[in-house]
Amino acid sequence: MLAANGAARGGGGGAAAAAPPQRPATGGPAGALLQALLARERALDWAFVIAGVIVLSAADAAKPQTPYLLKAHLSDIAKPLLPNSVPSWSVPVIALALPLAALAAGHAAARGLGLGGPRGREELHRAVLGLVAGVVVTGCVTNILKVSVHRPRPNFLAQCFPGGGDPVWQRQDAWGGVPECTAQVPDAAKSFPSGHSSWSAAGLGYLSWALADALQPFDGGGHVWRLVAALLPLLGACLVGVTRVTDGWHNPSDVAAGLLLGFGLSWLSFACVRRQPQPQRGGGFGSGGAGDEEAGLFVQPLLRGATGSSSAQRLAPAALLPL
């Protein structure tokens, strides 16, 4: 009797613990497709990125208001029209293609040496998502600010009046006026902030944060090359900004604002997608998997595999990556 009661109770417990049946998808094929998309881990993240690209494109196509020019400061916007040392087509290459190539090359190297672990593709996906999202958000903010501020470029007069001569005014007063440009100048009043600088800082800054997290330059090992390697992308972004001033397309304050914007938003994006490390497990981008072989980025597991040093497993210092 007791055995029968126990069996009945056990059977009842098993029935109670059984998972409820899955609800069928509603809405026909379209509803099933929508549920499948929402069920994927990164679908909404990429949808946000696509929406950001749309906003970025719309803001880039918007025409800013013709600025009011102070007659006393016309010399500040009278620089000659020079070609771009860093052409506009190369900005996406610098901001996206180069960092993506570095991330992919590191992933391939880790996989080739058997150090990537089973989570390698997922972590590469997270890294790529963070990079693209950071650059897109930076581009959106940059383009919206350009249209809103409509600050004239240092070569505004050369664009507005390519034939030279005194400015022609739509309306003016004793102190200044609104010019009547003799040429189409869709971006002559889009000086602040520098788009070349912000985009480069977003992409190369993200790469620097990832390298710093992987190389751990402040782990106490005294390896200066790790710090230099992590800082090189930041230096590259700054050099792009310098060319914008020397070419006469931006003021120093435009470039400084663009660099700060790109570095800041790229750090936030990196912090968002970086997997938080678990105690006594490998540090680095995407750590938190089962064991050191699942460390997220590529350089750190390579360092451990080559040297056997445990110093690379330490977390990045709060001064650089306070995560």
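Backbone N, Cα and C define each Cβ position, glycine as well.
TrEMBL lists 128-270 with the feature domain 'Phosphatidic acid phosphatase type 2/haloperoxidase'. Looking just at the domain 'Phosphatidic acid phosphatase type 2/haloperoxidase' (128-270), the mean pLDDT is 93.
The region 'Disordered' annotation in TrEMBL covers 1-24.
Residues or ranges marked as transmembrane segment by TrEMBL: 89-106 (among others). Tertiary neighbourhood of the transmembrane segment (89-106): same-chain residues 124, 127-128, 131-132, 135, 195-196, 199-200, 202-204, 206-207, 210, 233, 236, 240, 297-299, selected by CB-CB distance under 8 Å and a gap of 6+ residues from either end.
What TrEMBL lists as transmembrane segment is 127-145 (among others).
Outside the transmembrane segment (224-243), and at least 6 residues removed from its termini, the chain residues within Cβ reach (under 8 Å) are 84-86, 94, 99, 194, 196-197, 200-201, 203-205, 207-208, 211-212, 215-218, 255-256, 258-259, 262-263. Positions annotated as transmembrane segment by TrEMBL: 224-243 (among others).
Residues of the same chain lying 6 or more positions beyond the ends of the transmembrane segment (255-273) and with a Cβ under 8 Å from any Cβ of it are 126-127, 129-131, 133-135, 137-138, 141-142, 192-203, 205-206, 209-210, 213, 234, 237-238, 241-242, 244-245, 321, 323. Annotation source TrEMBL lists transmembrane segment at 255-273 (among others).
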Helix, strand and coil residues within the domain 'Phosphatidic acid phosphatase type 2/haloperoxidase' (128-270) as assigned by DSSP: 90 helix, 8 strand, 45 coil
